[in-house]
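Feature annotation from Swiss-Prot assigns 5-phospho-alpha-D-ribose 1-diphosphate binding site to R37, G38, R69, D88, D89, L90, V91, D92, T93, G94, G95, T96. Taken from Swiss-Prot, the feature GMP binding site applies to R69, D92, T93, G94, G95, T96, W134, I135. As annotated by Swiss-Prot, Mg(2+) binding site applies to D89, with the evidence given as sequence analysis. The guanine binding site feature in Swiss-Prot is assigned to D92, I135. Taken from Swiss-Prot, the feature xanthine binding site applies to D92, I135, supported by sequence analysis.
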Amino acid sequence: MSEKYIVTWDMLQIHARKLASRLMPSEQWKGIIAVSRGGLVPGALLARELGIRHVDTVCISSYDHDNQRELKVLKRAEGDGEGFIIIDDLVDTGGTAVAIREMYPKAHFVTIFAKPAGRPLVDDYVIDIPQNTWIEQPWDMGVVFVPPISGR
């Protein structure tokens, strides 16, 4: 990854609210399924904005085995996704998205960020990100003191 895209808490909330406004009216949804872990915080934000109390998770782990990237489903929500929003923070190459689509073919799959390779796999997203860009999410960062350049 050659570039970095830094996401602040404020930016994330603004993007989540924009996405929530596109998902109105909220009564059309039975609930939200957040993809663990990246979709947990956006899922909480959507649940708040849409007034949805039924929130579940699908937990997927990816790991390298003989240089192949494999997905392992650790926990899944029941059903085919009908009436549910599936939320993840990002669709990148589409590996996780393909697995989600297979598990929940009737769900409405959304993300905050989308890279070109995965974009066709989601129903909606807010921000386009170049494929070679690494996203730094606010839950992965802390606020630290940065000394002045002059050193004084």
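Each Cβ is built from the backbone N, Cα and C atoms, and glycine gets one as well.
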DSSP three-state assignment for G94 (GMP binding site): coil
CB contacts under 8 angstroms to R37 (5-phospho-alpha-D-ribose 1-diphosphate binding site), restricted to the same chain and 6+ apart in sequence, sorted by sequence, are none
GMP site residues R69, D92, T93, G94, G95, T96, W134, I135: biggest Cα-Cα distance, Å? 20
Which one of these binding-site residues has the most other Cβ atoms within 10 Å of its own Cβ: T93, T96? T96
Rounded to a whole number, how many Å is the Cα of G95 (5-phospho-alpha-D-ribose 1-diphosphate binding site) away from the Cα of I135 (GMP binding site)? 17
Could you measure between V91 (5-phospho-alpha-D-ribose 1-diphosphate binding site) and I135 (GMP binding site) for me? Cα positions, answer in whole angstrom. 11
Max Cα distance spanning R37, G38, R69, D88, D89, L90, V91, D92, T93, G94, G95, T96 (5-phospho-alpha-D-ribose 1-diphosphate binders), Å? 20
Given the binding-site residues D89, I135, which one is most crowded in terms of C-beta atoms within 10 angstroms? D89
Roughly how many Å separate the Cα of T93 (5-phospho-alpha-D-ribose 1-diphosphate binding site) from that of W134 (GMP binding site), to the nearest whole number? 12
